[in-house]
């Protein structure tokens, strides 16, 4: 009931309360109820009850008239009412008979009301509809069938509670009223109210009785609840069991990857040649792959796929010069027969060029006049390759397992917590084409080591096949093991154990740097003590390494007992600055020496310390290492050497030093100083890879640039400073001049001299003015002035509005002999002194546009020179400011290439670089510094407000200093060059378009480029799949043209080349998951050649050559695929003729062009 109704009823029971014959002695304090609105229909009754003290309200002064009245509250109100009635506060005019009748009537009404309440409660308590029951039963069956879920029972219990929790909304009205209850008028009002409640209850009873046929009994529902409980119990049991079993499987799961590879191929050619160079280049400039490619990409050697022939069963390298059709095919080879019965091999095109060794006579009765032509044809007829492999890889799946028990003297607990195990091994039939026999066990392919496929019969590379009489083919099954890694915890501190072949590890730059190829079989243990109390805040770490090499360790001892071992400890005391100490050793032990009694035990021992990281806003790197090498030769002296450097400089994640980013800054960007480099170093001459127990040595990365630097990403060397070479020419005939190779280059020898030096580079911003400078001096480790090289320079820049003015001065003085070319182009060796100054004014009006004017002057050995002969680039600190306003970066490099000079003569796409997506054309600009002046203008497409987004171009005109004669000390600016280049990369609709071009014309030789006019233009288009076109075709094409009119003393000649190609791929061809593609490519060139990689990291390249040859290489490539079943076919032709049209295949394939065809079907099933 609502409190308003009770209040009104109680007030009516007071009827004539105002007619009391006596008033209280003192009026009680009447509380004010704050939530009874004025004008409410019950307000007067509420106020009367409050004034009588029957209702006092809640402690917060509220009445809460809309809130249900509890039995406790009703009891208090009735008790107060009875107390007042007992005290004589009764209505006037009521007789005893009236009071008795009123009491009886109230009792009757109360009894009827109670009876109705009981009936309603019974019906509601058992009121579960059949529909509800059916739905619940269906859900029970679903839960049981699906294995159950905990949420299902909770949902059922909620519905049960909802159906059975219909409590009585009305309390039984009890009115145990004494004889002096109230007046007849109040009783009448109370009766009306009670009658209304009775009518409401009767309506509810009727509704419930009418729907009783749809209800089920409580007993049925209880039975249903029992079934729910049973299902829940079974589901919980099953879930617990499955959870444990699944967790165990996941912890111990191997990823098993069986595969079956089937291939059938036919390949034949009259002479092996390369076709990879026809295909479009990848985005990074590497040669695109195809089904017939051979060879691979190797940054150590510079090898690319275009360096190897692609036909037959052999990966023949292409050969430079006439014997290899100038780098387009493998070489011609002859067997030379001598009268004494011996033979020799001659690699050349014309037997007449062969020079007979002294004392030998050619036997003209054999072969063709003493020469036997070695057949260059390559055949691979109907070869079927079937490979089966089974790989096992945990990929970290072993987790949270425990070790087993063990021990011989005692039994271990077997409770070591293993966090992770990685295993990678497998079984395979046949061998990969690049497998080799690692004879010396150093983990690298060395010259003279046989290929694995050529050694093991039936492994895929030999013609012989093992069969039994039933016709079964037998192939060897090889076990492949890559690594095993275990990670486990000791206490709260993780321990990582790595076990495997060719272990890779790194202690420091000059000690135990074996993170590239690896050192040998063994294991490493790393302990992280970050959770150790007290010292854990310093992040202590300990690493231990142990293994064996089974081969050379650099101390001339091969074969037995060569082991390496080392330990390193490291902490991080402040910021990110780490401090480490280490000890390492490698050598042959006594047992190994016993296998070779002529040798004595030897060892290499090195130890040191290092600091790396940043603290207090300064980045610091420093290392010290000392090494003792005891050779294996008896009585040989122990060699001791040291390496040390301390450097404030920024280091990148790949451990290369970034001298363009300040290592420390003082002040702000407007007024401040930036320190880019500050270093001291001393590397002893004897400190090499043997002394450091490292994979590779610490020699200069390049002989002609950055001589002080050892860092080499091609070999993984991270050491910053080199063990320098002193170059000296040889003089075999004692004529006082250097010996020379056939091409005129100097024959030189190198002697290690170590390095000791100091360097600094800094810059400052002073509002609109920026200044910077650098200085470095280095000698051999002994400090001798004969090997000193010093580089120094300063720069300044003033910028305001859209104008900027830059000036720089650079010097390089080298007493250390340098190999370079003099003004006549002859290679010389000796000391060198270079001076250069430059000034440039730039205007950047916005929209990405720029225009500038410059003057530059270069002096070599005291004489003004056309170029710096490439000498300034042999230092490592030379720097200059960026052009434009708002960019005061003091960047390494003299920016000599900014104004050099259009199209180059070397490229890797065959047409001047315009079809190489990795070339931004400025790559064609030489880094040589010239004596010149000129103007240049252009547009930067990456500018935020660029006039044309993604369009880059520049044009320029320059006058170049030319000496009067090659040896003259005077000259003038009679040389001239006009140049330009452009590049536009843009997505146009569904097509990705790249348009590039360059040109230059000069009347004088510029470094390696002769006088003349050259230019190149290229277009590459690749479309997305055309979704609304049948077969969803995808088109791609390229065309590039290069031309050069070279004016040289030996005679002018024109070189030109055209490269073209077009293809289409049908992505949905007839059947789902079926694709087919076809492309045609060609390359035509005149007076162009290809020089293969040099083996020292330099890639092969195309260049101009006055060889009077016309080369034509073209062919068709078709590839189709259904799912993973791939069909490939190619047919290609290589022709090289002289300018009169005579084929240079004379004596080879009867003077006809070389032709090659290949067909391949391959299918790989991954089970």
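Glycine is treated like the rest: Cβ placed from N, Cα and C.
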**Message:** According to Swiss-Prot, 513, 515 bind Cu(2+) 3; which one of 312, 321, 324, 716 is annotated to that same site?
**Reply:** 716
**Complete:** Matching 1053-1066, 1095-1108 to Swiss-Prot annotations, transmembrane segment lands on 1053-1066
**Request:** Identify the topological domain of residue 469 and of residue 1093 in Swiss-Prot, and say whether both name the same side of the membrane.
**Result:** yes
**Prompt:** In Swiss-Prot, which of 352-377, 378-403, 430-455 is labelled transmembrane segment?
**Reply:** 378-403
**Annotated stretch (transmembrane segment, per Swiss-Prot) among the listed ranges 905-913, 914-922, 923-931, 932-940** = 932-940
**Asked** Taking 884-894, 950-960 as the choices, which stretch does Swiss-Prot tie to transmembrane segment?
**Response** 950-960
**Item:** Tertiary contacts of the transmembrane segment (1109-1122), as residues 6+ beyond its ends and Cβ separation under 8 Å
**Value:** 273, 275, 277-279, 290-291, 325-326, 328, 1063, 1069, 1071, 1073-1089, 1128-1139, 1144, 1153
**Residues of the parent chain within Cβ reach of the topological domain 'Periplasmic' (1024-1032), under 8 Å, 6 or more residues beyond its termini** = 990-992, 1066-1069
**Item:** Distal contacts, the transmembrane segment (1074-1086) - CB-CB under 8 A, six or more residues away
**Value:** 277-279, 910, 1036, 1054-1068, 1109-1122, 1139
**Prompt:** Is the transmembrane segment (1033-1046) packed against any residues at least 6 beyond its ends, judged by a Cβ distance under 8 Å, and which are they?
**Reply:** 280, 903, 905, 907, 909-912, 914-915, 1010-1026, 1052-1067, 1079, 1104, 1106
**Message:** List every residue in the same chain as residue 513 (Cu(2+) 3 binding site), at least 6 positions away in sequence, whose Cβ is under 8 Å from its Cβ.
**Reply:** 506, 507, 692, 694, 695, 696, 716, 717, 718, 719
**Asked** Once 513, 515, 716 are set aside, which residues in the chain still have Cβ within 8 Å of the Cβ centroid of the Cu(2+) 3 site?
**Response** 504, 506, 514, 516, 694, 695, 696, 717, 718
**Request:** In three-state terms from DSSP, label residue 515 (Cu(2+) 3 binding site) for me.
**Result:** coil
**Item:** For the topological domain 'Periplasmic' (572-577), the mean pLDDT of the predicted model
**Value:** 91
**Chain residues outside the topological domain 'Periplasmic' (650-670) and at least six past its termini with a C-beta under 8 angstroms from it** = 509, 612, 617-621, 676-678, 711, 713, 718, 720, 761, 765, 767, 876-877, 879, 889-892
**Item:** For residue 716 (Cu(2+) 3 binding site), the three-state class that DSSP assigns
**Value:** coil
